[in-house]
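J.: Here it is: the structure, laid out below.
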């Protein structure tokens, strides 16, 4: 993997900097590095493909070295270099694709394609010029079963979940009380509602709670907490739990009271925030517990009192909500996030070449399925293919 990264980095630099008119002295170190790559690769043969619709391709390396010059690089020099660069870029692209479409239930962190296994041999270590990629660093750590750490922006840590629970229900569905939520990606939105606006509740207050368990521990997380859940702020028709009927939800938004968010790790509270909104942080956690209250307004103008009568029919439904959004965090496991396209790259390649469903990844690389059942085997394989996707993205956009 280190060698593949160094190949890609060298080729990217060569493609960007070996251009007509450039002073040789400005790129002499790069050309020496490029020639070392050629010396190491010359005389070797590789084969890629042969899975799904990915065609078999054979690769042979026998290239002349780039020479020295006292002046600027001329058109002939650049054309010779460009032909070599293009062949190598095509080779690296195919090695990456060949690796991204393979998976293994055992030791999935290790190279799975014949071509990358061969590049892992000792004779190619002379190509290992650069090991500065976060993905490469973490791949090396994971390969040695040491602690890794990925920094994510808006990590997709929450499997998609959209549902409701009813704490009070009637056959006519005209006087309900309960909780609705939508968890997806890096965001939780939860709303508590009471058709009667807590008219008969103790102290005219209803208590709500929403607990979300993460599939992986997050550390040093920056989080936004807002006293609103905009996705539940408009009328809708909701299917009943048994699917036999539907019920009408017509929210009128109130501000939540006594809001508390707890971040827990292995059942122990690590951080707690009460009535604090905006930006908060959490040290390390695997569970989030949100609790909040709906309090019937003690003093109401006639217009507000008309919204919340003391008896049925309840045409407007008192609702309070919270939004929790993980802006950034560190995780030992690789995740899809908002700042990278690794999941899309891997998924599109597997779809393009009609790769059959293997023993590890779900059909279509369904992220909700993958993160819901994030086994060690999936973690190893995902880190490997994401690392390869990051290498490929240096050359192929």
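Note: Cβ is positioned from N, Cα and C throughout, glycine not excepted.
Features from Swiss-Prot:
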REGION    62-73  region 'Interaction with the inner capsid protein VP2'
BINDING   153  Zn(2+) binding site
BINDING   266, 286  Ca(2+) binding site
J.: Within 10 angstroms of the C-beta of residue 266 (Ca(2+) binding site), what count of other C-beta atoms is obtained when all protein chains are considered?
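T.: There are 10 such Cβ atoms around residue 266 (Ca(2+) binding site).
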J.: What is the separation, in Å, between the Cα atoms of residue 286 (Ca(2+) binding site) and residue 153 (Zn(2+) binding site)?
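T.: About 18 Å separate the Cα atoms of these two residues.
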J.: For the residue listed as 'Zn(2+) binding site', list the number of other Cβ atoms lying within 10 Å of its Cβ atom.
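T.: Around the Cβ of the residue listed as 'Zn(2+) binding site', 14 other Cβ atoms lie within 10 Å.
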J.: Let me know the DSSP-derived helix, strand or coil state of residue 266 (Ca(2+) binding site), please.
T.: coil
J.: Rounded to a whole angstrom, what is the C-alpha distance between residue 266 (Ca(2+) binding site) and the residue listed as 'Zn(2+) binding site'?
T.: 24
J.: For the region 'Interaction with the inner capsid protein VP2' (62-73), give the DSSP counts of helix residues, strand residues and coil residues.
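T.: Here the numbers are 0 helix, 1 strand, 11 coil.
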